[in-house]
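Below is one structure, written out as structure tokens, with a few remarks after it.
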Amino acid sequence: MVTTHNLGFPRIGAKRELKFGLERYWKGESSRGALKALGAELRQRHWNDQRDLDLAPVGDFAFYDQVLDMSFTLGNLPKRVQGFHGDALDNYFRVARGRSAQSAEEHAACCGGVSAGEMTKWFDTNYHYIVPEFHADTNFSLDPSRLLQQLAEAQAQGVAAKPVIVGPVTYLWLGKAKDDSDRLALLPKLLPVYGALLDTLTAQGVEWVQIDEPILVTELDAAWQQAFRTAYAALETRRIKVLLATYFGQLQGNLALATSLPVDGLHVDAINARDEVDALARELPAERVLSVGAINGRNIWKTDLNATLDWLEPLAKRLGDRLWLAPSCSLLHVPVDLASEEKLDAEIRSWLAFALQKLDELKVLATALNEGRDKVADALAANAAAIHSRRHSPRVNNPAVKAAIARIDAQLGNRVSPYTQRAPKQSARLNLPAFPTTTIGSFPQTGEIRQARSQFKAGTLDEAGYRKAMQAEIERSVREQESLELDVLVHGEAERNDMVEYFGEQLDGYAFSQFGWVQSYGSRCVKPPILFGDISRPKAMTVEWITYAQSLTNKPMKGMLTGPVTILNWSFVRDDQPRSVSCYQLALAIREEVLDLEKAGVRVIQIDEAALREGLPLRRAQWGEYLKWAVESFRITANGVQDDTQIHTHMCYSEFNDIIASIADMDADVITIETSRSDMELLDAFDNFKYPNEIGPGVYDIHSPNIPTQEHIVGLMKKAAERIPAERLWVNPDCGLKTRQWAEVIPALTNMVAAAKTLRNQVQ
């Protein structure tokens, strides 16, 4: 009999209950007890949703991030929070976001907030984790209380529980040594704590534990490969059964290593590594389980169940009870329930599967393998009809778009002149001071903004009323920026619910869900649009709002667009053509918007490519092809303008050292980047690479409510000036200010502008 299980479930709730509960607690509007009760309620609901599985995950729920949870389980707290006392949950939030609830901070042993932990992308997804911090003298100590609490809840509910933990080698790999020490040198101190954790789970009656080691799908050198052998040899003596889980890619050169480790089962991502399944079935020792991730845990399209059974059936015959079935990875990366989508186009809806529907697909596959296809004939027939409908729908294919793609040539991505000739023309047109100040684009999304948007979508506010409300918010943003004496202004993006969804709503080839939310980090959720067909732009998308904002001021007003690579990487993308083709389609559509903004007199146009890096394949050998079409797509979008129009781009959570040449090849006049959480460490990339254009290293962390001081900003910019000529430096926050409050934004930007004025006097 085939065993079914799941690697992880979305934690936010079908209607984002966790998001709202967290934000109430942080604002002091609810108690710690209420937040913990909400967590327990969500866990109970999610285990009930997974009741048909043979094994359900436990420990996949986190109030902020599963890697941060693991840091607390291992007793690895940053030194800066160790002086705080009180409830561990408040310390947890201090590490995650710099502070906990206001009431907790008022009674803390130390005063004020602390620096939030560094946050970065989880492999090549749009989820973010809090980076573990290490020093040469880091010690570990077991605190299993969070995991044991969840395990007790699951067992009381009758759940066949499979605890999920981040593996020891991946945990070290995900972290950063703050003193440049060797992370692997900590492995001998870490392994006894993992051993004690496994013993603790055994004592609670746990039969199987899932240990996630996704770095096995990356390129590992000999030292990291040896770390796996050392780690699992040390853990082998434990009585608990270990399912080693990999996902997001192929094992390739690590396949022999993975099959040789002394564990009881191995999970592989059969969506990305389908070609490796047969080799794994051959090479895995005869007593071990092979868990096959046959359902895509990262995208929302229905699985072709009949085609999947065609290759699973011979595997099941070969492996028998040793075959387990699961999604390819945790379902954290997809929305919860398609049944909530009452307004989604019926035809498109029939092509989709969210988390609960993926579990249904899993059940159909298992039943077909265990009892024969006849037992699920109706489900298989319905699935086949949906697959056929999508494949042959005229809504998916647009001949005019395909013809435009065929006409793309190299000249389409070239500016009229090189940067050295463009820069003087832009300087003359814009007349900016040294260290010009700007923001990244968005200002706080107030309750009034959200209410107006909600009323407009519900039909209780007409278009004229909505436009008036948005114009009032835009004017407020402009007046605040003028009062702050910022140099290049933005309109604030009041009309935009999301930097990707906003554009997707106005492009043909996209569809939109009501409740298709996925977690990005903490309480931050995104609702990726659904790219189902060929992309085109029926009409201008932003020109009306930007030109209105420009009419309110004589200062330069940035046009704000999201770039094609980011729209692609932050969408649920069709899987029936190469991603590069979809990206080129987006590039042509956004290019039309860039040219319309220029015609309307907009002097500065920002094209955000926040997600450029996250699209990189996990293996460096595959980077070249991705970067080629990603950079080409940006250049097609941006480079139709005249020399005196200044093109900005923004990237966040990115490390640049290894792709700096490709970023330079994008040829944006100004690039703004996230650097404050890493203390300008990202600028190390410029030590050995002379970046030719202008750059704005982010000077304060907008993901934390803490207010940066003028002195801190000056210090960061002086560090930047050691690597970048001062005349090519801009002063700006790390990212957009959408998630902050005006009461936080005004003092932060006041200090930022004051710092820029100080720099103009101090730095030559």
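Using the three backbone atoms N, Cα and C, a Cβ is placed for every residue, glycine included.
Secondary structure from DSSP puts His703 (active site, proton donor) in coil. Every protein chain shown contributes to the tally, and the Cβ of His703 (active site, proton donor) ends up with 24 other Cβ atoms within 10 Å. Residues or ranges marked as active site, proton donor by Swiss-Prot: His703.
When secondary structure is read from DSSP and collapsed to three states, Glu614 (5-methyltetrahydropteroyltri-L-glutamate binding site) falls in the helix class. Annotation comment: Swiss-Prot describes Arg16, Glu17, Leu18, Lys19, Lys121, Arg524, Cys525, Trp570, Glu614 as 5-methyltetrahydropteroyltri-L-glutamate binding site.
Residues or ranges marked as L-homocysteine binding site by Swiss-Prot on the basis of sequence analysis: Ile440, Gly441, Ser442, Glu493, Asp608. Neighbour list (Asp608 (L-homocysteine binding site), Cβ cut-off 8 Å, at least 6 residues apart, same chain): Ile440, Gly441, Met499, Met560, Leu561, Thr562, Gly563, Thr566, Thr649, His650, Met651.
Summarising the annotation, Swiss-Prot assigns L-methionine binding site to Ile440, Gly441, Ser442, Glu493, Asp608. Following the DSSP three-state reduction, the secondary structure of Asp608 (L-homocysteine binding site) is strand.
According to DSSP, Cys652 (Zn(2+) binding site) is assigned to coil rather than to any helix or strand. When Cβ atoms from all protein chains are considered, those within 10 Å of Cys652 (Zn(2+) binding site) total 25, not counting its own. The annotation Zn(2+) binding site is assigned in Swiss-Prot to His650, Cys652, Glu674, Cys735 on the grounds of sequence analysis.
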Inset, instruction - Provide the three-state secondary structure of Leu18 (5-methyltetrahydropteroyltri-L-glutamate binding site) computed with DSSP. - result: helix
Legend entry - Minimum Cα separation from Leu18 (5-methyltetrahydropteroyltri-L-glutamate binding site), reported as the residue among recorded positions Glu674, His703, Cys735 that achieves it: His703
Inset, instruction - Have a look around Ile440 (L-homocysteine binding site) and count the other CB atoms within 10 A of its CB, chains all included. - result: 25
Legend entry - Entry from the binding-site residues list Leu18, Cys525, Cys735 having the most other CB atoms no farther than 10 A: Cys735
Legend entry - Candidates Glu493, Cys652, Glu674, His703, Cys735 (recorded positions) - the one closest to Lys121 (5-methyltetrahydropteroyltri-L-glutamate binding site) by CA: Cys652
Legend entry - Nearest-integer angstrom distance between the alpha carbons (Cα) of Ser442 (L-homocysteine binding site) and Glu674 (Zn(2+) binding site): 15
Inset, instruction - Fewest other Cβ atoms within 10 Å: which of the binding-site residues Glu493, Glu614, Glu674 wins that one? Let me know. - result: Glu614
